[in-house]
């Protein structure tokens with residue numbers, strides 16, 4: 001009897017493309033893993049003769065394809081989010097243009113109110129008013145825009161810039177082309193949220209460093225807007241908050257603190273909101289001044305207008321509104337009047353510094369200014385009735401010519417800066433005036449005596465540093481003092497007789513050394529910030545010391561070695 005043999009099931013082929021050396025030697029089945037199950041069980045070393053990546057398994061290929069698809073999906077998701085932000089921004093712009101066009105087209109004319117038919121040409125002109133404004137803005141930009149590679153600007157003969165340009169021409173150094181304006185990409189949006197702690201540090205740097213010297217915006221307004229939600233801010237508030245954060249972000253990089261965010265991001269954002277804002281005369285002045293300060297601290301970017309042009313526009317608008325003249329003091333308007341004094345002298349200080357470095361006339365002579373200097377009184381964001389009364393009485397005493405001693409506060413350095421700028425303005429008129437027919441009662445000796453008196457009247461170091469709490473360096477006063485002396489001594493040395501030059505050069509070299517030592521002290525106190533005026537001043541101080549050594553011999557190098565090293569490090 002024949003028995004039926006059992007049906008054998010077809011075995012699944014579990015062969016792998018590559019087996020390890022141990023399984024081959026022992027002729028065992030290898031699963032192709034790393035390590036394989038056989039080697040892993042006896043804790044033996046699992047080695048393959050050829051790289052396993054050359055023979056990828058099916059599971060590895062699938063996993064690789066899945067990872068690739070996930071990366072592609074994440075990239076598409078980010079692109080979609082950025083596209084939605086840009087579309088939302090463009091829709092808002094279109095909506096605002098449509099609303100503006102509707103309002104202009106619905107505005108009744110005088111003839112329409114009187115029952116007469118409105119002129120068709122007037123209707124078409126009003127309907128095109130948004131586009132007319134764009135055309136007007138484009139035309140104005142054509143007038144104001146200039147290429148730094150093409151223009152030939154006037155620089156005074158004794159200006160700081162003239163010496164650096166002369167040396168560059170002698171060396172035959174090629175002029176590098178300037179990059180395009182920094183805010184051309186006006187629709188740029190930062191795709192991720194910026195941590196509030198980082199922006200708080202930017203704002204702190206702005207208030208502690210930049211605001212101490214240029215009081216353009218009330219600190220209470222900035223702090224209030226910073227604490228608001230974005231939806232609660234007006235375009236004007238968004239502008240001055242963004243430009244303040246941009247200046248603070250710029251100062252972070254200059255203080256050698258790492259930051260992942262570029263200051264130009266805030267500048268683009270500020271310019272975008274400025275285009276949407278309806279500004280009054282005071283806000284226009286503040287906008288010009290804030291942009292000028294930001295551009296003045298940009299060492300590698302180029303804006304449509306220079307800092308000198310922007311701050312000059314701010315000064316002319318101040319003059320246009322009569323803010324260069326003193327007003328009648330009232331208890332109701334004393335707080336606003338004090339802010340206007342701080343704003344005017346901030347613009348005055350910055351414009352005088354830039355004009356003196358370029359050897360150009362300023363927007364206004366000091367003979368036409370009678371608005372008093374700010375008072376050394378710190379006002380709270382919400383001053384009490386007693387604070388307002390004290391401010392009113394002190395303003396009244398100041399404008400009546402009563403001599404009184406002011407306390408040392410955080411405004412002391414700002415007030416002393418304004419005083420030394422007035423003295424430098426006298427130097428400007430004495431040596432830069434080209435019309436010799438106009439008499440000038442000032443002299444080199446009188447200006448030098450004023451500088452020495454100013455230096456004697458500054459507060460003691462210990463008292464000042466205790467008051468400022470690290471927000472300003474006492475060496476800042478020393479830099480102002482030596483810079484005023486140097487800018488007075490150099491043109492006098494160039495115009496003086498041969499017998500006078502030796503003593504004048506020695507005094508100029510001492511002031512140049514004081515400038516470099518003062519700047520290094522500010523750097524150690526973490527309050528030194530970049531500006532073109534500071535850069536040119538340090539360069540001029542270095543050239544003065546080099547010329548002194550060249551004139552008197554190399555033996556004098558040992559006396560100036562420390563100052564020259566400081567100057568080299570600064571530059």
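Heads up, the Cβ atoms here are built off N, Cα and C, so glycines get one too.
No curator has checked TrEMBL annotations; they are predicted automatically.
Checking TrEMBL for region 'Disordered' across the ranges 39-67, 68-96, 97-125, 126-154 points to 97-125. Taking TrEMBL as the reference, the stretch among 528-549, 550-571 described by the feature transmembrane segment is residues 528-549. For the domain 'Zn(2)-C6 fungal-type' (19-48), DSSP puts the residue distribution at 11 helix, 0 strand, 19 coil.
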